[in-house]
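Asker: From TrEMBL, here are the annotated features:
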type	residues	note
DOMAIN	A:16-126	domain 'Acyl-CoA dehydrogenase/oxidase N-terminal'
DOMAIN	A:130-223	domain 'Acyl-CoA oxidase/dehydrogenase middle'
DOMAIN	A:237-378	domain 'Acyl-CoA dehydrogenase/oxidase C-terminal'
C-alpha cells in the first residue's frame, strides 16, 4: 500500500459565515458567564445545559438526516463548528461522544427502530451516550474483551466490567462491545449493544484522574438483561463496526486542538511579541498546527466520501496528540509564574492542561498501537 | 489528483525515467541534455502564458513538474524556471530566453544607460547551476521601480564565484559590475522580491516532498529485503514504529507542500502562512526523515554507492535554501503578531484580510 494524503482543495475560510455565527454565539456565552474556556474541555467540560443551548442552534447531530430529527448538514459544516467549539474551550463533553461516534455508528449499523429511538434525542442533546470498550484487562488489546452477552429468552444478558468510560455517569445509554460467540479468530464473535441507562443491573462508579476530576467511570454489568432490540448491527460484526467508528474518533480536530484555548490565552496577552525565543517557539507551533489541520481536513474529506481511512486517521492522531502535549509544554515554558504578570485564568488553564497531557496520547488508542497500525498499512503485514 | 495532473505527472516521469539516481554521486553539473528535452516538450515554460510562448499552465501544473524532477534528483533548474522566473516574466510580459535558465532573488540595481540598454550592478549568491545556465532571471530595482532582468551569465562584467551545496549541485555566487543588457522589463508595483522568496520556498518544499518520498520508498524496500536475526527488518516492532514515524513526517511534508500550492493558486491572503508552514515543516522534518532513512538502512545507506544519499543530501541542502525553519517560524510569529495574537484567526481565516492588519508594501 502507498500511504498518500492529498490536501483538500478548499480554502480554509470556506463556510466563513457559519464560523462567524458559531464564534458570535460562543462570545455571548462567555460574556454571559455561560461557560469558562478550558483546555481539553471536550473531555472534561460536562455541561448538559450548554449542550442543549448548542443543540438549540442546530449544532449537535448536524449531519444526522432530517428524517431522524437531524439537520442534514455536511461533514465539513460539522467540522467547522467542531473546530470553533474546541478553540473556544467550550464544555461539549456531555454530547461529544454521542455526536461524534454514536450518531454515525447508529446511522451506519442501527435498525430503523434504533435510529428513530436514539437519533432525535442525540440531536436535541437529551440523549447522552457513553461507549463501553476498554476493560480492566483489555486496554490497547481491545479484541481481548471479556464482557459477555448471552442470548436469553427475549433478549441478551450482559456480564462484565468496562473502564475509562467517559460521561457514563450522565449518559442515557451506553454502547457496549461484548463477546457473543466463541471460536473463530478473536476478531469474530464480538457484537455491539445499546444499553439504556440507568439500568438496575448496571453499576456506575467514578474513576478519579490525576487532575482530581471525575471524567471516567467503571461500569459493571451484573447479569444486565436487555431486549433483543438492543443489538446494534449484526451479531458477530462488532469488531468491524467498532473499527469503522475509529476513523471518526481518531482524525477529528480534537486530536490537535485540545490545548489551543491555552495557546490563545497566552498569545492574547501579547507576551510573546518582544521575546525572540517565544516568537520562534510560537512560529513552530503555528506552522505545525497549520500542517496538522491540513492532514485532518484531508482525512475528514475521505470519511465524508464514505471511505474508511483508518491508517491515515491513526497517523493524524499520532502526530496531533504528540503536538498537543508539546503545545502545553511550550506555553508552560514561556509563562513564568514568578513574574507575577500571569493572568489568573491563564495560570489556572495551564495547571489543568499540564495534568491532562498524559491522556492525549492514550485515549482513543495509544500512540504505540497507532504506529503499529500505520506500519501495517505501509507494509501490508 | 485530477486526471489532467496525473497525465502531466506521467508525461514528466516518462522524460525523467532514465535519470533516476542509482547512487549518491553528485551530478556532473547541469544536465543540459535533459533541459533541452524538457524545453522542447514545453515543460520548462509550462507555467508561462501562451502569448509568451509558454504552456499556459497554472502553478499546480508547475508543481507537478518540480516534484517529479526532485523525485528523480534531476540536475535541472526547473524549480527556478517555473516558480521563481515564470511569475515575474509573466507579470512583466517578457518571453523567456532559450536554453537553460536559472533564477534567484538577489541584491541588484539596474539603471538605464542609452537606447534601451541597462547597466546592472550588485550581487547574487548561491544560485543553482549559475555557471552552467545561459541566463539568470532576477528581480532588480530601477530608478522607476521594480523590474525583472534576464541577465546573460557569460557577460564579461559578471564575475562568478563557484560553489557547491551539500548535494554536490552547483550553487554559484556572482558579482555584477555593470553588466549591460536590454533584457530589463518593468514590473507593476508589487512585492516582487518577497514574492520570489515565497515562490522559491514553495518550490523547495515541493522538492523536499519529492525527496522525502524517495527516502520512504527506499527505506520500505530495504527493510523488506534485509534479513537479520533470521527475519526481515520490517518484522521488528522497533523498526515498524520508526517506519510509521517516517511515513507521518513524509506525509506532513507532502500535504503542507500541496496546501501551499493551492494557496498560491488562489492568491489569497493565506499564501504566506501556507508557504511558511510548508517550508518550515519540510526544513524541520528533513532531519528526522533523513535520520530514520539512514538508521534503517544501516551502513550501506551511508555510502556513495547507495542512492539513499541522493535524497538525503538534497534534503539537507534544500532545507536551508529560501529560509530554514527558524526563518519561517519567525515569519509566522510576525503574522500572529500582526493579528494581535489571534493564532486561530490566522489559521482558520487566513485567506481573509485581517482587520487592521499591517500590509507589507515594497520590498
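Glycine is treated like the rest: Cβ placed from N, Cα and C.
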Asker: When the domain 'Acyl-CoA dehydrogenase/oxidase N-terminal' (A:16-126) is classified with DSSP, how many of its residues are helical, how many are strand and how many are coil?
Answerer: 75 helix, 0 strand, 36 coil
Asker: Could you give me the DSSP helix, strand and coil counts for the domain 'Acyl-CoA oxidase/dehydrogenase middle' (A:130-223)?
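Answerer: Across the domain 'Acyl-CoA oxidase/dehydrogenase middle' (A:130-223), DSSP assigns the residues as follows: 3 helix, 49 strand, 42 coil.
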Asker: Taking DSSP states H, G and I as helix and E and B as strand, how many residues of the domain 'Acyl-CoA dehydrogenase/oxidase C-terminal' (A:237-378) are helix, strand and coil?
Answerer: 111 helix, 0 strand, 31 coil
Asker: Suppose you look only at the domain 'Acyl-CoA dehydrogenase/oxidase C-terminal' (A:237-378); what would the mean pLDDT be?
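Answerer: Averaged over the domain 'Acyl-CoA dehydrogenase/oxidase C-terminal' (A:237-378), per-residue pLDDT gives 92.
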